[in-house]
Amino acid sequence: MYPAHLLGLLAVCVSLLGAASIPPLPLNLYQFKNMIQCANHGSRMTLDYMDYGCYCGTGGSGTPVDELDRCCKIHDDCYGEAEKLPACNYMLSGPYYNLYTYDCVEHQLTCKDNNDECKAFICNCDRTAAICFAGAPYNKENYNIDLNKHCQ
């Protein structure tokens, strides 16, 4: 099979999985994305949060520009605390690589009891952030801002 065919097949499979409401893909960032979609009822695309304010997306510095950006800073800080946990500080066990289990029922997020200490901590970081995102207003003027100007 040609690589282009494999990519097409993969795209179809991923689309079908999403359409069938099958549980999220087992990758932490996909889990976080799906938590955000659960909490905000799918009202905003997850990519809208990727380059927002000073803290939503990669890195972060300065003072958060608004409530939503504060949610991202709190999430970043929470992941920083997770990395300090002995259960989370070995290779491929940190917040970006550890897979946890959770439920989304009627837009309510619950981290499951079968998570170990590290997974439970990370799940709660993501859960808290997703709920925070859902409750914070989205200000379009804070998307893709000049970080050198606004985030020092």
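Just so you know, glycine gets a Cβ as well, placed from its N, Cα and C.
Annotated in Swiss-Prot:
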type	residues	note
SIGNAL	1-21	signal peptide
DISULFID	Cys38-Cys104	disulfide bond
DISULFID	Cys54-Cys151	disulfide bond
BINDING	Tyr55, Gly57, Gly59, Asp76	Ca(2+) binding site
DISULFID	Cys56-Cys72	disulfide bond
DISULFID	Cys71-Cys132	disulfide bond
ACT_SITE	His75	active site
DISULFID	Cys78-Cys125	disulfide bond
DISULFID	Cys88-Cys118	disulfide bond
DISULFID	Cys111-Cys123	disulfide bond
ACT_SITE	Asp126	active site
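Known features from Swiss-Prot, placed on the structure.
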{"residue": "Cys56", "record": "disulfide bond", "Cβ neighbours (10 Å)": "24"}
{"residue": "Gly57", "record": "Ca(2+) binding site", "Cβ neighbours (10 Å)": "14"}
{"residue": "Gly59", "record": "Ca(2+) binding site", "Cβ neighbours (10 Å)": "9"}
{"residue": "Cys71", "record": "disulfide bond", "Cβ neighbours (10 Å)": "25"}
{"residue": "Cys72", "record": "disulfide bond", "Cβ neighbours (10 Å)": "22"}
{"residue": "Cys78", "record": "disulfide bond", "Cβ neighbours (10 Å)": "17"}
{"residue": "Cys88", "record": "disulfide bond", "Cβ neighbours (10 Å)": "21"}
{"residue": "Cys104", "record": "disulfide bond", "Cβ neighbours (10 Å)": "18"}
{"residue": "Cys111", "record": "disulfide bond", "Cβ neighbours (10 Å)": "20"}
{"residue": "Cys123", "record": "disulfide bond", "Cβ neighbours (10 Å)": "25"}
- Which ones, of the disulfide-bonded residues Cys71, Cys104, Cys111, have a Cα no more than 10 Å from the Cα of Tyr55 (Ca(2+) binding site)? Cys71
- Task: Round to the nearest Å and give the CA-to-CA distance linking Cys56 (disulfide bond) with Asp76 (Ca(2+) binding site).
- Result: 9
- Quick tally, other C-beta within 10 angstroms, Asp76, Asp126; top of the recorded positions is Asp126
- Item | Output field, Ca(2+) shell: CB within 8 Å of site CB centroid, site Tyr55, Gly57, Gly59, Asp76 dropped | Cys54, Cys56, Thr58, Gly60, Cys72, Lys73
- Query: What is the separation, in Å, between the Cα atoms of Cys118 (disulfide bond) and Gly59 (Ca(2+) binding site)?
  - Reply: 22
- How long is the line from the C-alpha of Cys88 (disulfide bond) to the C-alpha of Cys78 (disulfide bond), rounded to the nearest angstrom? 12
- Distance from Gly57 (Ca(2+) binding site) back to Cys72 (disulfide bond), taken between C-alpha atoms, in Å: 8
- Query: Within 10 Å of Cys125 (disulfide bond) (Cα-Cα), which of the recorded positions Gly57, Gly59, His75?
  - Reply: His75
- Of the recorded positions Gly57, Gly59, His75, Asp76, Asp126, which sits closest to Cys151 (disulfide bond) by Cα distance? Gly59
- Note on the structure: recorded positions Gly57, Gly59, His75, Asp76 vs Cys123 (disulfide bond), shortest C-alpha separation belongs to His75
